[in-house]
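One structure is given here, and the rest of the page talks about it.
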Amino acid sequence: MHVESIMLRDASFCISSDLANRRKSEFMRPVVTLAEARELPLWRRPAALLFLMALAMPVAFSTWSALLNNFVIEVARFNGSDIGWLHTIREIPGFLAIGVIAVLLIVREQVLAVISLVLLGVATALTAYFPSLGGILIITFLSSIGFHYYETVNQSLQLQWLPKDRAPKMLGWLLTAGSGATLVSYAAIVLLWEPLGLTYNIVYMVAGGATAVVAVLAYLLFPQFKADTVQSKKMVLRRRYWLYYALQFMAGARRQIFVVFAGFMMVERFGFNVHEVTSLYMINLVANMIFAPLVGRAVIRWGERRALIFEYAGLVMVFLAYGGIYFFGWGVVLAAALYVIDHIFFAMALALKTYFQKIADPADIAPTAAVAFTINHIAAVVLPATLGYLWMVSPGAVFGLAAGMAGVSLCLGLLVPRHPEPGHETRLSRGLAPSAAE
């Protein structure tokens, strides 16, 4: 009798466990390894998910960026100091991107990417409901959390899911996909803004809502992909990655000057309106769609070292020319041309991603992506507000400072080896195999 009761209890436990597992499987997506994913239809593979997210993110972010300068000047009456503070607040989540490591203890990277996209979309949709300095700063902070956390895990997923021999080319095509999505958004603004009498609220609602909806679809349509290497769940700061960290720091400092002040210049100095600013952005996108795949092929053929040196040398010249607009009174045609050329050079930043992919321990990719984003945003948190005050005194000096930063990046780029790999991370390395502590 005792034996029978034990058998009945065990059977009952097995049945209840089976039901629990079935209920659990109803709410959890299947986990698929990268090898198994090759057997899936093309539209359900990891690369397809990367492309879908690459299409979704720019719809909200680029629409927000395209309307931002006109919105804050026309509606909120921002000056140079205000725009500097706005971008300082926007970069704080990037500085805190290292917090992604803690979030990954409870949420998978793929799921976090989707959640971040939803937050970006919803915050963008609500932007025009807060037409004051305080309101814009708060909603921008929320959208920035979504953007920066998405970018952090997206970079990690790209480097984990894409094979090293094809990564530069695939990254180039991902840039093209993002540019294509942004181009459609910009074209809609240019073609429909005046004929339909669009408002900031309508455009922000549609763009942000579209990104949020696509993010939800990305969660529902794709399985959970499992990378070949389990990612470390602790902060990784290795001595042998020092050149990558330095290049990330300078990239963040330099890029902020362009992002914050180049577009602001087009509105403040040359009086560009919404559809004129957006038209300029569209030219950038077409250029990126043409050149991004070529950049990927160039990195494969010529290597990361030459690509980075070419980028940094070109940016020195571009920022010096920006300064000349103020010091020598150069005109709007040159300013617009520099804006386009600047974007083309920034597309070459994919070489920095593949440089790290080649030197990194595979388990370090996710935590180092978070650390790199934080390093990238150290200067980004301080510079916009500080340089906003300098801008009010001498805009040309701001661009002169950016040229100096590009020069420092050029010097660091010269230390990238022709064939980077673990143990040969810089030209100063001796080719020794790295120890675990390094």
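Glycine is no exception: its Cβ is also placed from the backbone N, Cα and C atoms.
Per TrEMBL, these features apply:
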{"type": "TRANSMEM", "residues": "48-73", "note": "transmembrane segment"}
{"type": "TRANSMEM", "residues": "94-122", "note": "transmembrane segment"}
{"type": "TRANSMEM", "residues": "128-150", "note": "transmembrane segment"}
{"type": "TRANSMEM", "residues": "171-193", "note": "transmembrane segment"}
{"type": "TRANSMEM", "residues": "199-222", "note": "transmembrane segment"}
{"type": "TRANSMEM", "residues": "242-267", "note": "transmembrane segment"}
{"type": "TRANSMEM", "residues": "279-300", "note": "transmembrane segment"}
{"type": "TRANSMEM", "residues": "312-330", "note": "transmembrane segment"}
{"type": "TRANSMEM", "residues": "336-356", "note": "transmembrane segment"}
{"type": "TRANSMEM", "residues": "368-391", "note": "transmembrane segment"}
{"type": "TRANSMEM", "residues": "397-417", "note": "transmembrane segment"}
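With a cut-off of 8 Å between Cβ atoms, the residues of this chain six or more beyond the transmembrane segment (48-73) that come close are 42, 82-83, 86, 110, 113, 117, 120-121, 124-125, 127-128, 136, 143, 147, 150, 154, 157-158, 161-162, 173-175, 177-182, 184-186, 189, 200, 203-204, 207-208, 210-212, 214-215, 217-218, 222, 225, 263-264, 266-268, 273-274, 277-278, 281.
Between the transmembrane segment (171-193) and the stretches 94-122, 128-150, 242-267, 279-300, Cβ pairs under 8 Å are most numerous for 279-300. The largest share of C-beta pairs under 8 angstroms with the transmembrane segment (312-330) comes from 242-267, of the ranges 199-222, 242-267, 368-391.
If one looks beyond the transmembrane segment (199-222) by at least 6 residues along the same chain, the residues whose Cβ comes under 8 Å of a Cβ in the stretch are 29, 44, 48-49, 52-53, 55-57, 59-61, 63-64, 67, 71, 75, 110-111, 114-115, 117-118, 120-129, 185, 189, 193. Residues of the same chain lying 6 or more positions beyond the ends of the transmembrane segment (368-391) and with a Cβ under 8 Å from any Cβ of it are 80-88, 91-92, 94-101, 148, 151-153, 155-156, 159, 235-238, 241, 244-245, 248-249, 251-253, 255-257, 260-261, 356, 360, 397-398, 401. Beyond the ends of the transmembrane segment (128-150), by six or more residues, the same chain brings 53, 57, 60-61, 64, 71-72, 75-76, 78, 82, 85-86, 89-94, 97, 100, 103, 112-113, 116-121, 199-201, 204-205, 373, 377 to within a C-beta distance below 8 angstroms of the stretch.
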